[in-house]
Amino acid sequence: MAEAATGFLEQLKSCIVWSWTYLWTVWFFIVLFLVYILRVPLKINDNLSTVSMFLNTLTPKFYVALTGTSSLISGLILIFEWWYFRKYGTSFIEQVSVSHLRPLLGGVDNNSSNNSNSSNGDSDSNRQSVSECKVWRNPLNLFRGAEYNRYTWVTGREPLTYYDMNLSAQDHQTFFTCDSDHLRPADAIMQKAWRERNPQARISAAHEALEINEIRSRVEVPLIASSTIWEIKLLPKCATAYILLAEEEATTIAEAEKLFKQALKAGDGCYRRSQQLQHHGSQYEAQHRRDTNVLVYIKRRLAMCARRLGRTREAVKMMRDLMKEFPLLSMFNIHENLLEALLELQAYADVQAVLAKYDDISLPKSATICYTAALLKARAVSDKFSPEAASRRGLSTAEMNAVEAIHRAVEFNPHVPKYLLEMKSLILPPEHILKRGDSEAIAYAFFHLAHWKRVEGALNLLHCTWEGTFRMIPYPLEKGHLFYPYPICTETADRELLPSFHEVSVYPKKELPFFILFTAGLCSFTAMLALLTHQFPELMGVFAKAMIDIFCSAEFRDWNCESIFMRVEDDLEMPPAPQSQHFQK
């Protein structure tokens, strides 16, 4: 019974929907019938005569003014359409038609039709969109005092945006603070320092934290004269204060390295003490987690200082030791620093070993992973690659593997080749990047362009093959080939991360819709005709009459038919006559 009742209700509902669909036709015929019945009381014939008389009395100037007014309104609509498209990336009229008018006219709403299918895939797609649009810490970020500030002193431009620096401040508060910092005066000061917006205020707070720690140790040491050395070890200096000074106050890499070495001494002592107390409660566990982050950060920056100062082998050893000591801390992406250092040493076998570990389907990809894999495969064939020879004999297996690796890398981040091929100018990389975005492309090319130039023929192979990727994925926002569809949010996030003087690379490149171009041409042509008709009415009348005579002439019709149907002389039964004198004029 329940199934029968449900079926009856569904049938009744479908009948009602069907009746509402065709109700407008019934309404239309009813209106026509009422107009016919009331034609005498409403004096429809007299009104039609009056309207026709009014239209006959109108002069051509009225039509010219009407055309000009309509062209002006169309131009305003066009300007609004262009502004809306530049800001939101879509046509306003198209969006209104699809979103609002299509459901009213009986169109199918994609959201409602796919409601049943979206329940299974919503979670996966949402997770993917969140991961694709997540902002990551740049593993190869520069030093503010020794590199970013020097760029500002020379050029007068700010290489970092407020949004980027705000994200760095949030990272510092996450990595270098914990809930028990208020128990130690120096850590309490540094907790406030990481939230300061003014760089000088942060540097002053770091010096204050070091001075407080020094004064406290001097006061407590004389209390127990027999254990002076023990008291000095009990009160280590603040490691996070040294980190801030090394990052922002040091004007050279050598000065930053000295400060990081002092921070390492203080941070190592705090780490060993908190390691022994981490199981005594949640407070000690949080403190040990903070000390671990501080120690890993210091060692990583020391390795980067060694890399900047030319001690590449020492930097590689420090990075390997750090990855062995803390294998679970993947948030710093130390393997990307290691890959760049190994490429500098031209240790391609070691690079391949690192890629074999991290270029896994279960691990998140990056431009460094994909393009380094492409570089290694291109290195095997790039010195002998020739586009002409490849077009004649076809691609070999090794060349095909290299081309596929380049296509894979370009699909992941299509902005990188423009910087590697020097089609766009490089800027200093930001402190945060967006995977598959322009910011990640800048960060990768800034450090890896020299490695591509060092491999003979690699850039030539990239130049010949990278654009072929776009033929494999004609609709990258809807469907990808080896990766998920390209995220839409990259342009907005990159504009927040990159400085205003840099032209953000957009993919896929937005083109003006045909509707806007057609409207612009039609409005411009109509406005020009209206202006010419108003200024030169007699001349435009002669021109219009001549055009009508040309298009209505027999010669033009014969010539048009001959050009379309490709008639031959035998079918005409006479030789083709030359064009008439009237048509030649």
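Note: Cβ is positioned from N, Cα and C throughout, glycine not excepted.
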| task | Select, from Asn47, Asn110, the one residue given the annotation N-linked glycosylation site by Swiss-Prot. | result | Asn47
| query | Can you check which of 62-82, 335-355 Swiss-Prot lists as transmembrane segment? | reply | 62-82
| said: Just to verify: the residue among Asn47, Ser386 with the fewest other Cβ atoms within 10 Å, which of the recorded positions is it? | reply: Asn47
| Where Asn47 (N-linked glycosylation site) falls in three-state DSSP terms | helix
| said: Distance check, please: Cα of Ser386 (phosphoserine) against Cα of Asn47 (N-linked glycosylation site), rounded to an integer number of angstrom. | reply: 81
